[in-house]
Structures are given as structure tokens and as C-alpha cells.
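Pulled from Swiss-Prot:
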type	residues	note
ACT_SITE	E273	active site, proton donor/acceptor
BINDING	M238, L239, I240, Q245, G246, Q247, G248, H249, G250, A251	acetyl-CoA binding site
MOD_RES	A2	N-acetylalanine
MOD_RES	K6	N6-acetyllysine
MOD_RES	K12	N6-acetyllysine
MOD_RES	S187	phosphoserine
MOD_RES	S340	phosphoserine
SITE	W196	site 'Interaction with histone H4 N-terminus'
Amino acid sequence: MAALEKFLVEYKSAVEKKLAEYKCNTNTAIELKLVRFPEDLENDIRTFFPEYTHQLFGDDETAFGYKGLKILLYYIAGSLSTLFRVEYSSKVDENFDCVEADDVEGKIRQIIPPGFCTNTNDFLSLLEKETNFKPFGTLLHTYTVPSQTGGETFTFQIHKADMTCRGFREYHERLQTFLMWFIETASFIDVDDERWHYFLVFEKYNKDGATLFATVGYMTVYNYYVYPDKTRPRVSQMLILTPFQGQGHGAQLLETVHRYYISFPTVLDITAEDPSRSYLKLRDFVLVKFCQFLPSFSRERLLQGFSEDMAIQAQQMFKINKQHARRVYEILRLLVTDMSDAEQYRSYRLDIKRRLISPYKKKQRDLAKMKKCLRPEELTNQMNQIEISVQHEQLEERFQELVEDYRRVIERLAQE
């Protein structure tokens, strides 16, 4: 019996080891590429990878059943016409311990629209016709970015489009697939809802004497109704594709979108849906740029504390709501505060902490009411003291995080 048990344990271990050889990390198996020239197909420098694949491949972000798995998703840089192919060196035998390989191709087909290429020749034929691709919608803004190596500058355009633009619906179906790889909680929107607005970033470049355009990124904005006669545009999705990140395109896009809506008297303010920390930093930078020269945000006014005039002027001039205006004030006040001066530093720190402590105070009041019903008075007081101690630590930690974020905004502002 002992020999049999030993055999079964060893057999199970051997099987698990064998199966592990057929597990692939989908974050590295999926290879993305934006193709401008035929030689880009073989250029590994052009390849980039997803940050997330859990929506298709589960929380462990793995595909089972393959060795050397490669999931190729190559896009023509402008039109995003797609080459999709699955490659691997070996596949698990269907009879191997009653297991089957994951349907990798089926999972990818869930998010990419039909009409993609499966062989290179068809893809290259479409690439030859790329000169016919032009940006959709209305041109809102043109800007340039200098080359990181110096000398050359690159030209970019931001357009506003909608579903009435010829070919845009199909283009958007291809574009939105990138969301699944780079936004953790991404989902596709209802494009038949006319309240969606689309803002697109393109690079303008030359190829063999012709002018072409490459997709850089995009933003979707939903226009909510605000009683009785206003709207509140809310940023829903924003993505700058990996090869273009770190070049300032996010700030250009967000600033352009804000300036677009500022021109409409019916717009109350501009918000964002579940903003990430990186988005908040970007918005901080853009809104501070807007407000830094407003009279209500002068050095003298900033040192006096946040005022209703600041909130009103930020809303009237730039459609910034009171909560965001308060954050702008905190950044600009840090800019004019001498942090080496003990009194100025103390005044600034207390001002920020007064805002941060408000939700804690409410929580404390609610907790005290509940504990009076459930605990003796002495125990309640003791637990409240512990709670307060923890709150002070959390407040200080949060304050330091904010100051660090604010300093980065100020440093970036100084580089403008």
C-alpha cells in the first residue's frame, strides 16, 4: 500500500510538472505592434505588450495548453486594420490526462471585430493602401513634439469625431480593443448613444513623399444632463498607446477637450468617471495651467486660504467644479509657500489637513453613536482614542502623499 501511495504521489507530481510546461503568461504571449512600413513586421523594437489580460484569460493571466505561445495582434498604424495570428511550438495532446488546451483564438475573437487578416500578404496589401486613410471628424488642435534625440520635430493633430463620420464606427471597433489590454476595468461603450463624444490623437508623418497619419490615442466623453438646462461632460475612457507615452500627448488631449467644452455656455463643469491616480495627476497639471494666472489665485489671495471667488472664477472661466478648484488652490498655494519657513509650512499643513479630516470626523461621530448602544462608556472612549491615533497617522501619510504629487505638478509646470 505504501509503495502504491508513493507511486501515485510521484505520478501526480510528474503530471503537474508536465502540465506546467504548457502554461503561458498572456501578458507576454500577446504581442502588439503598430505597423507603418513592411519591415516593421520583423522589427522587435516595434513590439509592445499588454498591461492586463485578466478580462479574457482570468485573474492568473495565463493560457494553458501551449509551449512557445505567441498571440500576434498587428495593426496598421493609422486605420488599425488588423493581422491576427496564433503561433506556438507545441500544443498539449487532447488525450493527455483528459485536459484540453484553452481556446485562445476564440477568446481573442470575443473582442476584435471581424474582417481581420490572418496572413501577412493580405495585411501588406492593406498597408499599401494606407495613404487613403485620413483622420475622422473636425480638427481641433495641432501641436509639435521635438525628437528625444534632437533636431527633428513631430506633428500631431487632435480631432473630434462621431458615429456619423464615414468609416468611424468600424475604426472605433478596432481602436477600443486596446482598452482591454491597458485599462484594468475596461468595458466597451454603447456607440448608438449619441451623447458620446470621441476625441482622437493622430501623428502626421511622411512616407515616400506622401502624408500619412498614425493613431496615437483617444478619449471618450459622455454628456450628462443637468437640470434644468445644463450638461456635464464626463471623461469615461482615455488611452495613449504605449509607443507614444511619456511625450505629453495626454496633457495635450485633456487640455484640448477642456477648451472645446469651455466654449459652450450650456456646459456646467467637466468631470471624470472613476479617475485613476495617473489621470488625477494629469488633470491637476492641466487645471493648474488654466488657473495659475487668474486674479483670484494670486499669491496674496492664495496665502489667505481657499475662497468662494476661486471656485466661482474657476467654474466661470474653465468649467472647473468646486472640488477640483480646491485641489488647484492647494497646488498653487504650495508653489507660493516657503516650506523652510516653519510658520508658513504649519499654516499650509493645517489647511490641507482640515480638508482631509472632514470625513474622519463624520465617521468618528457615527462610530461614537453606535458604540454607545453596544459598549460601556469607558470602552467606547478607549476605542475612540485608538481610532483617533490611527486617524492622525493616516492623515499625515495622506498629507505627505499629496505634497509629493503636488510637487511633481509644480515641477512639470516649471518645464513648460
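Yeah, the Cβs are placed from backbone N, Cα and C, and that goes for glycine too.
Everything Swiss-Prot records as a feature, shown here on the structure.
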{"residue": "S187", "record": "phosphoserine", "CB count, 10 Å": "11"}
{"residue": "W196", "record": "site 'Interaction with histone H4 N-terminus'", "CB count, 10 Å": "18"}
{"residue": "M238", "record": "acetyl-CoA binding site", "CB count, 10 Å": "23"}
{"residue": "I240", "record": "acetyl-CoA binding site", "CB count, 10 Å": "22"}
{"residue": "G246", "record": "acetyl-CoA binding site", "CB count, 10 Å": "10"}
{"residue": "G248", "record": "acetyl-CoA binding site", "CB count, 10 Å": "17"}
{"residue": "G250", "record": "acetyl-CoA binding site", "CB count, 10 Å": "24"}
{"residue": "E273", "record": "active site, proton donor/acceptor", "CB count, 10 Å": "12"}
{"residue": "S340", "record": "phosphoserine", "CB count, 10 Å": "7"}
Which recorded positions are spatial neighbours of G248 (acetyl-CoA binding site) here, meaning Cα within 10 Å, out of S187, E273, S340?
none
Nearest to the residue listed as 'active site, proton donor/acceptor' in three-dimensional space, by Cα, is which of the recorded positions W196, I240, G250, S340?
W196
Rounded to a whole number of Å, the separation of the Cα atoms of M238 (acetyl-CoA binding site) and W196 (site 'Interaction with histone H4 N-terminus') comes to 13
Shell list (acetyl-CoA; ref centroid = CB of M238, L239, I240, Q245, G246, Q247, G248, H249, G250, A251; cutoff 8 A)
V216, G217, F244, Q252, L253
Take the C-alpha atoms of I240 (acetyl-CoA binding site) and S187 (phosphoserine) and report the distance between them in angstrom, rounded.
17
Roughly how many angstrom lie between the C-alpha atoms of W196 (site 'Interaction with histone H4 N-terminus') and G246 (acetyl-CoA binding site)?
27
Any idea what the Cα distance is from S187 (phosphoserine) over to G250 (acetyl-CoA binding site), rounded to a whole Å?
20
Could you state, as a whole number of Å, the largest distance between Cα atoms of any two of M238, L239, I240, Q245, G246, Q247, G248, H249, G250, A251, the listed acetyl-CoA binders?
15
